[in-house]
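First comes the structure, then the notes that go with it.
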Amino acid sequence: MTDNNAYTPDSEPSSVSGKTARPPSYTAATNSTISLNDFSSKANLTEKDQLEANYNPFENRDPKGASSGSALAHLLKSSLGTGILAMPMAFHNAGLVFGAVMTLIVGFLCTHCVHILVKTSHNICRDAKVPALGFAETAEKVFQYGPKGMRRYANFAKQFVDIGLMATYYAAACVYMVFIATSFHDVINYDVGLKWDVRIYIAMTVIPCLIIGQIRNLKWLVPFSLMANAFIVVTFAITLYYMFDEPLVYHDKPLIAKAVHIPLFFATVIFAMEGIGAVMPVENSMRKPAQFLGCPGVLNIAMITVVLLYAIIGFFGYVRFGDTVRGSITLNLPDGSWLGDTAKLLMAVAILFTYGLQFYVPNEVLWRKIQHKFSPEKHNIVQILLRTGIILVSGGVAAAIPNLEPFISLVGAVFFSLLGIFVPSFIETVYLWPDRLGWCKWKLVKNVLLSIFSILALIAGATASIGEIISDEK
């Protein structure tokens, strides 16, 4: 195969999908010496233009797919969870002015990374002649159809994203356990007069998680999701009431926090904003995917709304509670107050009900990878044991790191910075290499800077978070 076929994979021919093609279901190398010439793509642009003209992936989407309004609702819901409640703590680690400015900047960067991921997926769908691709499949196809020297790493790219998504969802599930347990710990210990350690409540939280975690059909999770949405709305209303129930004091809050706390801010904000695992499933479900990007577009509307809400909650939440602010602002609501306790318990139950969906996504990915190793008659028992084991391990991890604040920062630094920023920028670079990177290769420079920011956020955020975890244990 010659370099002129740069858009045809070495390992497999591109499959041609007919009008009845449907996107796959989604939820979330060989080492050798490579020369510089291997990274050069001498694609025949006329041939590529003809290929793009002959196939429009949008025309092959399911005409009964989700509307743009539904896609917007799903995207907003995936971004408005425990992360927004942690934003006041993020501002505590950044300061009022620095936190406000950097929240907007990080929001722009996260939105841009989602944009380039979806745009690259659209382009590679056109090249590969498939209606839609998920996150991992997009990474795989970009390498398959990319520079010759990168094609051998196509499967590695797919596995890396798959494993990263699984790890991200499992880690977030651990954060959910800590949040649920901490909420019940605060309410019950104060109202009943107990002095139980939060780890006891984590162990108790594992029990309902074991039950919800066995649900394998999404339709049975819908009622839980609807109730969770209602509980979250009520909790937000109560929280906003307490945030503005008395005059706010600004003068004693720093404009910029100490430098040692800044990495925790970035890690928390990235954790809060990056719903990268939900982006491709939502986009793939749309019957008019062209409306996902663009101006205003589903993505831009959702992210502008999310970033503004996060900035407002973070800013005023920190102003209201100051240095006493905790990993979730609901934990700052008055102890012993029926309204405050209601908000804490409703949010805890809402997160518990959301746990099933959070747990469903990585389990489906993992099961598709290993089910071939077991005979069909053993599938049921293996799934039960697998889900039980993962939940027990998650409970063990949560018990080992019961402090919500550094746990959120650690997950954001390690997982969301990689999948949400580094991977999309790297995928776009591979797809555009070498002659479509713009004037003076500005897209390459931009993606290198994004990658550096991601790695710095990972290293600095993880180091600061682990330091906080160790100091809390002492």
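Any Cβ shown, glycine's included, is placed from N, Cα and C.
Taken from TrEMBL, the feature compositional bias 'Polar residues' covers 1-18. The annotation domain 'Amino acid transporter transmembrane' is assigned in TrEMBL to 65-466. The region 'Disordered' annotation in TrEMBL covers 1-29. Look at TrEMBL and you will find 97-118, 160-184, 196-213, 220-244, 256-280, 292-318, 338-361, 381-401, 407-427, 448-470 tagged as transmembrane segment.
Using the rule of three or more Cβ pairs under 8 Å, pairs at least 6 apart in sequence, the transmembrane segment (97-118) is in contact with the transmembrane segment (407-427). Sequence-distant neighbours of the transmembrane segment (448-470) (same chain, 6+ residues past either end, Cβ-Cβ under 8 Å): 109, 113, 260-264, 266-267, 270, 401, 403, 405-407, 409-410, 412-414, 417-418, 421-422, 425-426. Same-chain residues lying 6+ beyond the ends of the transmembrane segment (220-244) with a Cβ under 8 Å from its Cβ atoms: 77, 80, 85, 212, 316-317, 320, 329-330, 332-334, 339-340, 342-343, 346-347, 349-351, 353-354, 356-357, 360.
The largest share of C-beta pairs under 8 angstroms with the transmembrane segment (160-184) comes from 407-427, of the ranges 196-213, 256-280, 381-401, 407-427. Under 8 Å from some Cβ of the transmembrane segment (256-280) lie the Cβ atoms of residues 26-28, 74-75, 78-79, 83-84, 86-87, 89-95, 97-99, 102-103, 106-107, 110, 113-114, 117-118, 121, 133-135, 138, 165, 168-169, 299, 306-307, 310, 361, 405-406, 408-413, 416-417, 419-421, 424, 457, 460-465, 468, all in the same chain and six or more residues away from its ends.
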